[in-house]
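According to TrEMBL, the feature signal peptide maps to B:1-22. Sequence annotations record features per position, and here TrEMBL assigns region 'Disordered' to B:27-63, B:702-743, B:818-862. Under the heading transmembrane segment, TrEMBL lists B:81-100, B:112-130, B:142-159, B:171-191, B:206-228, B:237-259, B:279-300, B:365-386, B:398-419, B:463-482. The domain 'Cation/H+ exchanger transmembrane' annotation in TrEMBL covers B:104-490. Feature annotation from TrEMBL assigns compositional bias 'Basic and acidic residues' to B:846-862.
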Amino acid sequence: LAKSCPGQETVTLYLRGVALRGRRPRPAPPSTSPPPASTSHPIKQEDNLTETRLVSHSQITRLYSRFTSLDKGENGTLSREDFQRIPELAINPLGDRIINAFFPEGEDQVNFRGFMRILAHFRPIEDNEKKSVAVSEPLNSRTNKLLFAFRLYDLDRDDKISREELLQVLRMMVGVNISDDQLGSIADRTIQEADTNGDNSISFNEFIKVLEKVDVEQKMSIRFLH
Amino acid sequence: MAATRRLALFLCTLLMVSRDLANGGAAPSPATVTADPGHSTGGGQEAATNSSEGNHGATGGHETAPVTTLPIVTWKWAHVSTPYLVALWVLVSWICKLIIEANHHVTNVIPESALLICFGFILGGIIWGADKVQTFKLNPTVFFFYLLPQIILDTGYSMPNKLFFGNMGAILVYAVIGTCWNAASLGLSLWGCHQGGAMGDLDIGLLQYLLFGSLIAAVDPVAVIAVFEQVHVNEVLFILVFGESLLNDGVTVVLFNVFDAFVSLGGARINAVEIIKGIISFFVVAFGGSLLGLVFGLLISLLTKVTQKVKIIEPAFVFVLGYLSYLTAEMLSLSSILSITFCGVSCQKYINANMAESSVSTVRYVMKVFANGSETIIFVFLGISAIDTEIWVWNTGFILLTLFFIFVYRIIGVFFLTWILNRYRLVPVEFIDQVIMSYGGLRGAVAYGLATLLNESKIKEKNLMICTTLLVVYFTVILQGITMKPLVNWLKVKKAAVSELTLIEKLQSKVFDHMLVAIEDISGQIGHNYMRDKWNQFEERWMTRILMKKSVRKSRDCVFKVFHQLNLKDAMSYVAEGERRGSLEFVRNESAFIDFKKKFVDDCSGAMPDITACMSDDYSAMSSMSRIDQVPSVSLEMHEQNMKGVRETEDINTHHLLQQHLYKGRKQHRHRYSRSHFNVNKDENEVQEIFQRTMRNRLESFKSAKMGVSPPKKISKHTKKDQQQKVPNGKSTENGKRYFSGDEDFQFPEGDASGFAASDGSHPFPMTYRAGAGIENPAYIPDLDPMAAEIPPWLAEYDAGPVAPSQRAQLRLPWTPSDLGRLAPLRISTRSNDSFAQADAPAAQQKDDEPPTPSKRDGRNM
């Protein structure tokens with residue numbers, strides 16, 4: 001996978017990015033997305049992107065170039081295969097789960113907007129955001145970050161992590177040296193830690209509550225390069 | 001309070017004694033050496049000086065008549081004076097700490113380090129009052145060779161690695177650039193003020209000023225940790241201050257050496273080449289030292305891979321090699337502090353995994369003992385050193401300006417560096433944290449140690465520098481230390497969340513890690529997470545393979561480790577609960593019963609298996625000392641095996657009272673003395689066994705006499721059987737076999753034995769004895785052993801004896817501690833059949849000769 005030097009990118013691909021953005025037919029994001037922006041106009045598109053909280057323009061262009069380099073089909077969208085070509089993801093225990101998270105339910109293509117929307121979850125929270133009362137909750141708020149993490153477990157989207165779902169994740173995370181029985185008891189105990197209403201599964205509220213003390217803002221943020 | 005006062009009184013007496021000893025020892029010791037045969041100088045003189053010395057003096061009086069008659073006892077103070085004084089001072093310092101800790105409300109306000117220094121003042125005052133000269137001082141050799149290394153090793157070893165390396169960049173910036181800035185700015189400013197005439201007539205040149213600046217630039221880890229640990233600031237702030245103080249000690253020593261070389265070189269001969277050499281030397285020394293430390297750390301890790309044979313000195317290797325890394329670096333004139341720091345940092349993971357659990361906790365504990373002990377001594381002596389007229393050279397300008405500049409430049413440095421760093425940090429260091437960081441610039445013993453290292457022939461104002469350094473230390477440690485806590489509270493600094501250990505947090509943080517790496521991969525950038533992931537892979541592939549024991553490598557997983565710890569904790573509370581309610585039976589016999597339960601009611605997800613889980617953990621914790629092949633994250637196989645081993649020996653013992661004693665004995669580590677093994681009372685079982693056998697024989701003979709029934713042959717076998725069972729896990733097989741080879745006349749059909757051996761699902765053992773005791777197990781009923789019928793009812797009763805309490809226990813089950821409910825059922829393996837059969841059916845075992853050996857082997861192998 002070709003990774004071009006970021007230094008060059010910012011200058012050259014900035015132009016390229018804008019040019020591409022002009023001509024690329026971009027399908028409207030799926031219904032899950034917030035206020036449907038007019039997708040036809042490139043400028044508005046960009047405004048919307050900055051609104052979805054990836055502030056700097058250079059970050060957007062950098063990520064856009066990344067997006068296009070991932071996009072082997074060159075159709076403006078990424079498929080699962082595109083993601084799976086990233087070699088590091090193949091050895092990431094949660095790689096497939098994270099790839100899945102990029103695809104809204106029922107879709108198997110993701111456009112740049114959707115791509116950015118997912119990445120926006122990982123943007124660190126900045127001071128001024130904490131104070132300003134946003135109209136809609138930004139994607140990188142604590143709750144949204146946690147929701148993203150929660151969705152990694154919750155495959156059937158019933159807003160509950162069942163024992164089986166937890167077991168699946170555990171199985172991905174731990175080595176083969178732990179037997180199924182041990183894993184089962186770990187899962188049971190984990191659920192017991194979080195479960196407050198006794199339904200033997202973890203709801204999102206319980207999830208938030210049990211991770212109350214974890215510094216999610218910090219642990220689920222990365223610095224996107226400029 | 002009264003106790004404290006008595007302690008203080010004792011302390012004073014002790015001090016007087018020590019002072020007199022020192023006094024007497026220092027002066028007359030040459031006399032005793034030279035004029036020994038002539039007169040009885042030493043002892044007699046001392047006896048005269050102090051009444052508290054009386055008894056010693058009396059014995060000393062007999063002393064010197066070596067020629068005429070054989071002395072029965074002699075007074076040889078000179079012979080022991082040095083180690084004696086050292087030991088005494090160590091004792092005194094620790095008693096100071098004891099007194100301080102006893103007054104908790106005081107330490108809440110004033111940090112311990114400040115109090116220790118104040119105690120030092122008092123002690124120094126006493127010595128001064130007695131001797132009119134300061135006999136005891138912190139001298140640099142003692143400090144750098146015997147007091148400092150263990151503190152640094154401990155901090156390195158207990159360094160939270162992930163946090164440390166996660167903030168490595170910032171720490172390095174603060175430690176290297178910050179320290180250089182502090183040194184340079186202070187040196188230059190003082191020099192400027194000197195030129196401006198603020199200090200009057202002083203013979204200090206620019207280089208000397210820079211030297212002074214470099215020695216006082218470093219924030220001292222000892223002082224900082226002592227204060228920050230009490231304040232509980234948030235972890236990022238803590239690691240920044242802590243890491244900085246640790247590394248900049250190394251940096252400051254290097255800087256000091258460079259400037260020291262410059263000073264000896266003399267101002268005139270310093271040119272560009274020398275300066276460049278100085279800079280190169282700075283980096284070589286610092287990085288060389290770190291590298292050397294890493295090498296030693298890896299060496300320790302490798303060594304601990306093979307030390308399980310010498311378990312008892314295993315922990316010592318860590319200390320010796322750590323110390324050697326310090327000395328080697330010192331020898332190569334590399335930075336010894338950095339060396340030992342990185343030695344500790346690099347080896348911690350591997351030695352914790354490689355060594356037996358008991359060794360690991362020993363290392364941890366001893367490390368803390370050393371570090372805390374020498375920290376205490378350092379602070380006390382920092383106080384004592386102050387009471388000395390020699391060093392006090394007052395120069396208002398110099399001292400006040402130093403204090404002022406140190407304070408100001410620290411603030412400027414921190415804010416400026418943070419401002420730069422914040423542009424690159426994911427989570428910026430907040431303003432309040434910066435304030436605390438700059439205020440937390442405590443100077444400590446390292447600065448003082450370096451100051452005393454100054455060469456008086458080259459630096460005329462050495463005493464002024466020492467005195468200023470001391471004042472800076474007092475000012476920062478005492479004043480800033482005291483005000484730190486209110487400041488932290490007042491500024492509402494984010495404090496460390498006291499979080500409980502939970503599985504879900506551990507799991508989630510792992511998930512976060514993987515997630516961030518994946519996102520970085522997707523967004524195609526090489527960030528911090530990417531690097532960490534690559535490093536982890538590299539470590540997994542190479543370092544771990546080379547440095548970790550194979551068995552450990554397989555069985556470690558951090559989620560599982562947390563699970564294990566949680567279980568262990570529950571087990572402990574369970575035992576505590578059992579003891580609190582005064583029922584050891586409840587705790588002990590439960591295990592047998594529950595195991596029974598566990599086997600047949602596999603899928604019962606209630607409290608029962610939970611307790612089993614708990615029990616097995618508990619046993620492993622207790623018997624961990626005696627485990628043979630040990631895995632730090634004890635796998636469940638190990639538990640079961642252990643549990644089996646324990647139960648094997650226990651359940652045969654029928655005497656309850658004694659069993660209780662046995663239990664307690666284990667808890668109190670009543671062990672037979674052995675130089676090379678620390679085995680917890682395995683041997684006691686043998687005593688039990690003998691006792692039990694005797695009792696049984698007596699009972700049998702009694703019964704047979706009474707009833708006129710000759711005991712079945714099998715009963716006499718029983719004892720042998722017992723013995724075979726009894727042999728501790730490790731070496732049992734051979735013994736057992738040998739035993740059995742002589743056991744040809746055994747009366748039971750081979751079929752029985754094979755039945756046992758093959759019994760994974762079916763249980764051919766006659767459980768009828770037990771059934772008599774009320775445990776209903778349908779599985780056994782159809783399986784009645786033909787032999788069972790032969791057993792006289794009273795024998796059945798007898799055998800059933802130990803089981804009875806488990807019935808009681810069964811009734812009590814609902815009252816198990818509430819948190820047990822959280823325990824998840826443990827793994828239920830097929831092996832538990834074996835272990836069950838062995839442990840729970842003593843009567844069955846006695847009839848059946850072959851099985852224990854194979855089944856035991858099974859258990860061990862798994």
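For all residues, glycine too, the Cβ spot is worked out from N, Cα and C.
Under 8 Å from some Cβ of the transmembrane segment (B:463-482) lie the Cβ atoms of residues 109-111, 113-114, 117-118, 202, 212, 215-216, 223, 226-227, 382, 385-386, 390-395, 398-399, 402-403, 406, 439-445, 447-448, 451-452, 454, all in the same chain and six or more residues away from its ends. Ranked by Cβ pairs under 8 Å to the transmembrane segment (B:365-386), the stretches B:81-100, B:171-191, B:237-259, B:398-419 are led by B:81-100.
Within the same chain, the transmembrane segment (B:112-130) packs against the transmembrane segment (B:81-100): three or more Cβ pairs sit under 8 Å, each pair at least 6 residues apart.
Counting same-chain residues at least six beyond the ends of the transmembrane segment (B:237-259), those with a Cβ under 8 angstroms from any Cβ of the stretch are 152, 155-156, 159-160, 163-164, 167-168, 170-172, 174-176, 178-180, 183, 207, 210-211, 214-215, 217-221, 224-225, 228, 278, 281-282, 285-286, 289-290, 333, 335-338, 341, 429, 433, 436-437, 440, 446-447, 450, 453, 493-494, 496. Of the candidate ranges B:81-100, B:142-159, B:171-191, B:206-228, B:171-191 has the most C-beta pairs within less than 8 angstroms of the transmembrane segment (B:398-419). Among the stretches B:81-100, B:171-191, B:206-228, the one making the largest number of Cβ pairs under 8 Å with the transmembrane segment (B:142-159) is B:206-228.
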